[in-house]
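Working notes for the structure below.
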Amino acid sequence: MSSYGSVLFLFSLLVWGTIAQEAPASAAQRCFCQVTGYLDDCTCDVETIDRFNNHGLFPKLQQLVASDYFRYYKVNLKKSCPFWEDNSHCGVRDCAVNPCSSDEVPGFKPPGFKYTEEANHVHEDVDDCEKEKRLSAVDESLSVETQEAMLKWNRHDDSSDNFCEVDDEESPDAEYVDLLKNPERFTGYKGADTWRIWNSIYEENCFKPKAVQRPLNPLTSSRGENEGNMFYNWLDGLCVEKRAFYRLISGLHASINIHLCATYLLKDTWMDKIWGHNVAEFQKRFDATLTHGEGPKRLRNLYFIYLIELRAISKVLPFFERSNFLLYTGNETKDKETKKILLDVLQDARDFPLHFDENSLFSGDKKEAAKLKEDFRQHFRNISKIMDCVGCFKCRLWGKLQTQGLGTALKILFSEKQIENLSESNQPSAFHLTRQEIVALFNAFGRISTSVQELENFRKLLEKV
């Protein structure tokens, strides 16, 4: 080729390269541009997690959490906020209840009435009232058989130290909730109240000094593009434990947002409600252009919390595979079937090839590591308390469950020696999980697993935009 031809060829490559670089990214690329490759502080990549979860673990988890043992969660949704005085609840129609008269609603009867046969067969009398219920209302009705079984379940529980604030199950305000009747989805709960909740979580409990502003924080004045640079320079300079704490909270936040976008109220009439994927809402929360580059980082943190909870589940297998451990609901046949599914899930988790190495946490000077671990635990306990400040009852339900689930995962990760010393005998051991912790752990991981699976759905939908 002549020198002139060579110059022309190189010039053509340069022009086409420039055009390619300037071509606008697609909607899918803007959301998922960083959702690939290896994760920070881990030896695992996004693609391995996608294959493992979406084509293997996800359907088994869904079957598990739909079983009787895992679908009922006892929770107190009436506790007051311990950090600020705020008696307000979600005021949007779909997030608030228009009260019925006292003779129509079981909730206004004496405390024991709601568990009677009469209380659970009032649907014909309150049809008009039911139409006024908001999306965030928690359906607390239980069948007669379930009510009777609940009385027996608690005998199999103990208590233990943990990473989150636990509701007093003996409180008259603590009630069993059927999670299948109360799915986590869009409720219309948004605005200043939600910002205040998440601001308290990030600003006061993520080891962050006041001088460093979190990007896109609506409750603080913006410092422009440099705001993000300052924050991530600070984050990169933290020890791995503090960095992990922030990424866990960010991953949980991302997961919750994905659920709301995936089961969004697309149509609402008095006759019908249609739920489905809201692509525009997903873009608003995760598109790199619309979030100044923050959205894809949040999605990467979703995979980080997935690895943490997956590692915890893999490590707790010895606790559940003991022959004397029962998933007790009173139905022996179903209980055995549920335990079989559970052990299958746990074995799959153990077989995952690229687990997070929890030994990288709290591994320095013993005295400093012990203090850092306690700070870690206290910060997380504060976050679990903040969930009592959420004004939407359905959001509060799932917030409390998911923080307890993550707290239980952390408890497992830092109880390795106690788990190794478990025995088949009925003697008390240093490690134990209550029924509430077990239900929260697997439902919380089920939510994270669902989020990872939903990303595949959103990726396909965005490719059509």
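The backbone N, Cα and C atoms fix where each Cβ goes, glycine too.
Residues or ranges marked as FAD binding site in Swiss-Prot: R185, T187, W198, S250, H253, R285, R298. Around the Cβ of H253 (FAD binding site), 18 further Cβ atoms fall within 10 Å across all displayed protein chains.
The disulfide bond annotation in Swiss-Prot covers C31-C44 (among others) and is backed by similarity to another entry. Taking a C-beta cut-off of under 8 angstroms and a sequence separation of 6 or more, C31 (disulfide bond) has the following same-chain neighbours: F282, Q283, F286, D287, A288, G295, P296, L299, F458, R459, L462.
Spatially close to C33 (disulfide bond) yet at least six residues away along the chain are A25, A288, P296, judged by Cβ distances under 8 angstroms. The disulfide bond annotation in Swiss-Prot covers C33-C42 (among others).
Taken from Swiss-Prot, the feature disulfide bond applies to C81-C389 (among others), supported by similarity to another entry. When secondary structure is read from DSSP and collapsed to three states, C81 (disulfide bond) falls in the coil class. Sequence-distant neighbours of C81 (disulfide bond) (same chain, six or more apart, CB under 8 Å from its CB) are D388, C389, listed in sequence order.
According to Swiss-Prot, the feature disulfide bond maps to C90-C95 (among others), an assignment based on similarity to another entry.
Look at Swiss-Prot and you will find C90-C129 (among others) tagged as disulfide bond, backed by similarity to another entry.
What Swiss-Prot records for C95-C100 (among others) is disulfide bond, and it gives similarity to another entry as the kind of evidence.
Under the heading disulfide bond, Swiss-Prot lists C206-C239 (among others). Counting every protein chain shown, 15 other Cβ atoms lie within 10 Å of the Cβ of C239 (disulfide bond). Following the DSSP three-state reduction, the secondary structure of C239 (disulfide bond) is coil.
The Cβ neighbour count for C395 (disulfide bond), using a 10 Å radius over every protein chain in view, is 22. Summarising the annotation, Swiss-Prot assigns disulfide bond to C392-C395 (among others) and lists similarity to another entry as the type of evidence.
Within 10 Å of the C-beta of N331 (N-linked glycosylation site) there are 14 other C-beta atoms, taking all protein chains into account. Here Swiss-Prot flags N331 (among others) as N-linked glycosylation site.
Sequence annotations record features per position, and here Swiss-Prot assigns N-linked glycosylation site to N382 (among others). Reduced to three states, the DSSP call for N382 (N-linked glycosylation site) is helix.
Residues or ranges marked as N-linked glycosylation site by Swiss-Prot on the basis of sequence analysis: N421 (among others). If you draw a 10 Å sphere around the CB of N421 (N-linked glycosylation site), it holds 11 other CB atoms from the protein chains shown.
Feature annotation from Swiss-Prot assigns signal peptide to 1-20; the stated evidence is sequence analysis.
A Cα-Cα distance of 30 Å separates N331 (N-linked glycosylation site) from N421 (N-linked glycosylation site). Other C-beta atoms found within 10 angstroms of the C-beta of T187 (FAD binding site) number 21, with every protein chain shown included. Closest to H253 (FAD binding site) in space, going by CA atoms and restricting to the disulfide-bonded residues C44, C239, C392, is C392. When the Cα atoms are compared, N421 (N-linked glycosylation site) and S250 (FAD binding site) turn out to be 34 Å apart.
Comparing C-alpha positions, T187 (FAD binding site) sits nearest to C392 among the disulfide-bonded residues C42, C44, C206, C239, C392. Between N382 (N-linked glycosylation site) and C206 (disulfide bond), the C-alpha separation comes to 11 Å. Note on proximity: of the binding-site residues R185, S250, R298, the one nearest C392 (disulfide bond) is R185, by Cα distance. The number of other Cβ atoms within 10 Å of the Cβ belonging to C44 (disulfide bond), over all protein chains shown, comes to 20.
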